[in-house]
Amino acid sequence: MPMTAFEATRTWAEAQDAADPLRAFRDEFHIPRHEGHDTLYFCGNSLGLQPKGVRAAIQAELDDWSELAVEAHFRGRSPWMHYHEYVRDAMAEVVGALPHEVVAMNSLGANLHLMMVSFYRPTAERPAILMEAGAFPTDRYALESQVRFHGFDPSRDLIEVEPDGPGGTLSMAAIEHAIAEHGHRVALILLPGVQYRTGQVFDLQTIVRLGHAKGCTVGFDLAHAVGNLPLALHESGADFAVWCTYKYLNAGPGAVAGAFVHDRHAHADLPRFAGWWGHDKDTRFQMGPHFVPTPGADGWQLSNPPILALAPLRASLDVFARAGMPQLVEKSRRLTAYLDWLIRTRLDAVLDIVTPNDPAQRGAQLSIRVRAGREAGRALFEHLEQRGVIGDWREPDVIRLSPTPLYNRYADCLGAVEAIESWTG
Ligand SMILES: *Cc1c(COP(=O)(O)O)cnc(C)c1O
């Protein structure tokens, strides 16, 4: 349906919701309430809502623990011994990877460091990391501390590509130029899949091609991309990637994160920080002194899996498996296009949309700025909160609204825009 077919009426929006083939999935989530109504929750980019299946998933493991204790490793309903493997196929599907290329473990920040232990191997001739300026703080801190850890100088060896596009976006031309200029001394290129502040999507495959052509290793932070974009990690050729699962993946606060190691490294003898759960599965319990990694991403695990923390991820990925990423992406594109259209047609005098208009360059998230400046932006943000419209604020002046296809409705988008209009008067 072309974009001009959108209408800014409740009747139209509700008809879209009624015809939405994914509409039943909303009932699988707990929607927070505000003054007797469901909130209009646009914050799935930050913390996804709780799937109703999570409680039973955790309860089942608590029951096994109380009834079987250590025996649950082998005799539980889902034997704990292999628990991380239960999320593997669904997670691989979501990120477009082969099953043995992904593992659920640790947190995003920890995985970023662990991956850099193996994939940031600086030398005197090639010491640098290339990243974006304005990256999420943890990424900036992690990369800078890695450069220092190896005895290099971040002021010279941490290369930050400055945004050159409208609203602080970063053009592919700027990335290409930076790789052409610095690539010969870059050990690692680390970029996001979706920029957290602007919502801009990066073309992973092109970045990998440009980076590899210059002899650089290429990795991605997919925190805002996973469960949001149609990813094809294996095909992209990326050396590694990391992501968290509490944003679009709805796995709960601080949930177990993910990592991808490309198949071409599955059997590689790479330096790594090792732990017993990364040891070859078949001989792990011989308890020998010499580490032999399990092939694939599993070989980067340190510890036995946190069962109570993985249970929600498992329940959440089950929802994704049933909905299907292609279907979710199709709805997401149209839902975000609707919010974008509403804002552009009704609030153009008041708001700027920072996120690129091109559907290929954005996911669910729209980042908006109030033209009147930061203070007005804060005031609008608080006005929305008081009306039960939940987005989030990112300094210095961005309000992020992310309609997500699993639980947001066309009527939510209209409601958000009406709430903004009630502020503009
Ligand atoms: C959300 C996010 C993080 C958060 O890291 P944690 O280790 O999960 O606390 C890091 N980087 C990016 C780009 C993010 O979007």
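Cβ atoms are placed via backbone N, Cα and C, with glycine included.
Please treat TrEMBL annotations as automatic predictions, because they have not gone through curation.
Feature annotation from TrEMBL assigns pyridoxal 5'-phosphate binding site to Leu108, Phe136, Pro137, Thr138, Asp139, Asp221, His224, Tyr246, Trp276, Asn304. All protein chains included, Leu108 (pyridoxal 5'-phosphate binding site) registers 26 other Cβ atoms within 10 Å of its own Cβ.
Sequence annotations record features per position, and here TrEMBL assigns N6-(pyridoxal phosphate)lysine to Lys247. Secondary structure at Lys247 (N6-(pyridoxal phosphate)lysine), taken from DSSP and collapsed to helix, strand or coil, is coil. Taking all protein chains in view, 28 other C-beta atoms sit within 10 angstroms of the C-beta of Lys247 (N6-(pyridoxal phosphate)lysine).
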Compute the C-alpha separation of Pro137 (pyridoxal 5'-phosphate binding site) from Lys247 (N6-(pyridoxal phosphate)lysine), stating it in Å without decimals.
-> 17
List those of the binding-site residues Pro137, His224, Trp276 whose Cβ lies under 6 Å from any atom of ligand 1, in sequence order, or write none if there are none.
-> His224
Identify, in sequence order, the residues in the chain of Trp276 (pyridoxal 5'-phosphate binding site) that are 6 or more apart from it along the sequence and have a CB within less than 8 Å of its CB; answer 'none' if there are none.
-> Arg284, Leu302, Ser303, Asn304
Which value in Å gives the longest Cα to Cα span across the pyridoxal 5'-phosphate site residues Leu108, Phe136, Pro137, Thr138, Asp139, Asp221, His224, Tyr246, Trp276, Asn304 as recorded?
-> 31
